[in-house]
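*Asks:* Pasting the feature list from TrEMBL:
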type	residues	note
DOMAIN	40-166	domain 'EamA'
TRANSMEM	16-34	transmembrane segment
TRANSMEM	40-58	transmembrane segment
TRANSMEM	70-91	transmembrane segment
TRANSMEM	97-118	transmembrane segment
TRANSMEM	130-147	transmembrane segment
TRANSMEM	153-171	transmembrane segment
Amino acid sequence: LFAMVILGEKVGKERWLASLGGFIGCIIVFNPTAATFQPASLLLLVSAMCFAMLDIFNKKYEATETITSMLFYGSLSTAAISAFKAFPTWVPVTTTQYGLIALLGVGANMLLFCLLRAFKYVEASATCPYRYTEFVLSAIAGFFFFAERPSPTTLLGSCIILPSVVYCAIVETRANK
């Protein structure tokens, strides 16, 4: 929606369907039943909208800014926003934690680097369905690194997210041929 309104992109029904499928899969993963729903959970929707706007801004400025400057300003703004919550509760960090934080930083910047490169070749709305796979990848990482067993709702949601993304990829590939 933001890509249509702000960037003037034409979003076809295939992307809408894939995005809707991914969103429904995410809702199933979150499992917001009346018994478990917390009003603070609505912040997840705000967060998703903020990430969507970030993608829009990244797409808008990828033509005029270098990838290095976009990575720098993205990291700087994230640090500045996070500092307000971090400073009042800061505790000393161990060497191991510094290593893990560095690894997280490198991984996050690599992800953003790949996304910024993708924006040079595709519309911002084309990346939306693929963003839902982050939930599936997080569940896989949780299983392998932390021995977390995915819940039935996570498995069911993943069974909706993945086909939505595959559907979008197939349709987009055929359209480009």
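Just so you know, glycine gets a Cβ as well, placed from its N, Cα and C.
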*Asks:* Averaged over the domain 'EamA' (40-166), what pLDDT does the predicted model reach?
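*Replies:* Mean pLDDT for the domain 'EamA' (40-166): 85.
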*Asks:* Out of 16-34, 40-58, 130-147, which stretch has the largest tally of CB pairs under 8 angstroms to the transmembrane segment (97-118)?
*Replies:* 40-58
*Asks:* With Cβ distances under 8 Å as the criterion, find the stretch in 16-34, 40-58, 130-147 that has the most pairs with the transmembrane segment (153-171).
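*Replies:* Highest pair count goes to 16-34.
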*Asks:* Please work out the helix, strand and coil residue numbers for the domain 'EamA' (40-166) from the DSSP assignment.
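*Replies:* Helix (H, G, I), strand (E, B), coil: 107 helix, 0 strand, 20 coil.
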